[in-house]
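Taken straight from TrEMBL:
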| type | residues | note |
| --- | --- | --- |
| DOMAIN | 78-527 | domain 'Amidase' |
| ACT_SITE | Lys134 | active site, charge relay system |
| BINDING | Met183, Ser209, Val230, Gly231, Gly232, Ser233 | substrate binding site |
| ACT_SITE | Ser209 | active site, charge relay system |
| ACT_SITE | Ser233 | active site, acyl-ester intermediate |
Amino acid sequence: MTRPWTEIHLAKKAEQLERIPVEWRLTPDFLAKHADTIDLRPLVAESGILSEQELAITVLDATALAEQVAAGVYSAVETVTAYCKRAAVAQQLANCLTEIMFRDAIEEAKKLDEIYKTTGKTVGALHGVPMTFKECFHVKGYDASDGYITRTFDPSTYDSYLIELVRAAGAVVIAKTNTPQTMLVAEADNNVFGRTRNPVVSHLTCGGSSGGEGSAVAIGGSALGIGTDVGGSIRVPAACNGIYGYKPTNGILPMQGFAASNWKGMNTGVPAVAGPMARSARDLTLLSRTVRSLQPWKGDPAVIPRIFEQGITRPADKKPVIGVVYSSGLTPHPPVLRAIREAAEKLAAAGYEVKDFVPVDYAEIRAVTAELFTIDGLSYPKRELEAAGEPVVPSVQSIGFWGRPAKTPEQMWELGAKKGAFQKEMLDRWQQAGIDLVLCPAGPHTAVKPSEWAFDHYTVAWNAMDYPAVIIPFTTADPEKDPRATDFKPLSADDERIQAQYEPELMAGAPVALQFVGSRMSDAQLLADVEVLDAILNN
């Protein structure tokens, strides 16, 4: 690199600010006044940047918003402008965006309005819906740095396939969102853009690696977002920020042409998948059905034709049998255990058969996936950081992958065999239990202090199994309801470390999520089930 990384960082931050119109910028006094505010979400209205109509537009979920635009209640320009303004405020409060595309987005909205005016019809199911995408997707004319200093100021020359598809359905991409250095971290912090804040509890982590996406959706800066997930990267930030997130089975939604954060074509044996992050369960279905309706298998050879379209396989009058996992590998914090217990009780009271389920031990699965994720010893990120002279950020160190050595081919084969054996054992346990869904934690804790989310046991297990999973928000941490456990007996040194992180007062108000998991390729059924279950659990 010809310039110090610090200069490149400052240049990139200056570019971000330039892309926010002056009239949408918060004053230094406003930012200083709210520097220690915990819940950032009310500050959007308090800022005075958005009109009453714009505030009304930006509180709708994507499904309602698409209906209003299709009905002519709001134009695409009104809708996209409102969301661009809200995303601008979100960026200044939470630092959740990377590439800001407001000018192009509003021009695209004008074209959509002209089509609607001329034909009386929408372009597609997402007509006029403002969307954000995780940084690791290409948008022509904008960087896809993935948080690497070496990859800044190098605009993409094409759009990722999923970007093409949502645009074909009428969506308008307004920005990309922040990710961690190396991408393999449950945080969103790097030397290009800095650290993203959690807008619900700003002193806690936003999660990751789709952390910027989780933050943007939670504060209302995006009507519908797209993240990716290889170990929990959609589900962890969805849980941390109190929103909905869906990790599909591999082959359901396209990843063709995404901006890899590692060696192109590297196969760890645990595939990354793309999925929606949203404000409602029905929005997860909207995005998935819309993309699948465009036959993405015609553009991405990894997408499986017609499997999602088989749809609902269980009779409508038959409720799913739900297996509950309270703990595996690591002991969850008190708010998480309470949430799972209360959810199980509520579902049982609603007439569902609920039974305990013992999965393959999450710690055993995680021991294998941690080695698979580092088969190259993280040679790509180490090369990029060295080339720029940029330091490793704290969250990369704390998650424990950085120092793992590269594997030999023989070791890789052995790890793959272990993963296959776990898949067979999990399938057998699932069948023997006679369950349709699993209800389990999204993690061993709620959002923790920045850089302290170190273990992905509760999410990565389902990546390794290749089972679809959905996160729904359910409750919040409450010091009175969730005192420290008095009978805790650590399962391991890691378990003791996790439990020591629990600070009831610090975590007060943090979202507590539920994770629902379906069997492999049961995605359409899982999404339908979750909509029903969400209505029961959150009414």
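Just so you know, glycine gets a Cβ as well, placed from its N, Cα and C.
All annotation found in TrEMBL is predicted automatically rather than curated by experts.
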If you average the pLDDT over the domain 'Amidase' (78-527), what number do you get?
97
Least buried of the binding-site residues Gly231, Gly232, going by other Cβ atoms within 10 Å?
Gly231
Rounded to whole angstrom, what's the largest C-alpha distance between any two of Met183, Ser209, Val230, Gly231, Gly232, Ser233, listed as binding substrate?
11
Neighbour count first, Cβ atoms within 10 Å, every protein chain included; then name which of Met183, Val230 tops the list of binding-site residues.
Met183
Sorry to bug you, but what's the C-alpha spacing from Lys134 (active site, charge relay system) to Gly232 (substrate binding site), rounded to the closest Å?
14
C-alpha of Ser233 (substrate binding site) to C-alpha of Lys134 (active site, charge relay system): distance in Å?
11
Can you tell me the CA-to-CA distance separating Val230 (substrate binding site) and Lys134 (active site, charge relay system), as a whole number of Å?
14
To the nearest Å, how far is the Cα of Met183 (substrate binding site) from the Cα of Lys134 (active site, charge relay system)?
11
Compute the centroid of the Cβ atoms of Met183, Ser209, Val230, Gly231, Gly232, Ser233, then list the same-chain residues not in that set whose Cβ lies within 8 Å of it, in sequence order, for the substrate site.
Leu184, Val185, Ala186, Gly208, Ser210, Thr228, Asp229, Ile234, Val236, Ala272, Asp456
Around the C-beta of Ser209 (substrate binding site), how many further C-beta atoms are within 10 angstroms, looking at every protein chain?
35
In sequence order, which residues at least six apart in the same chain have a CB under 8 Å from the CB of Lys134 (active site, charge relay system)?
Lys176, Thr177, Thr179, Ser209, Ser210, Gly212, Glu213, Gly225, Ile226, Gly227, Thr228
Around Ser233 (substrate binding site), how many other CB atoms lie within 10 A of its CB?
35
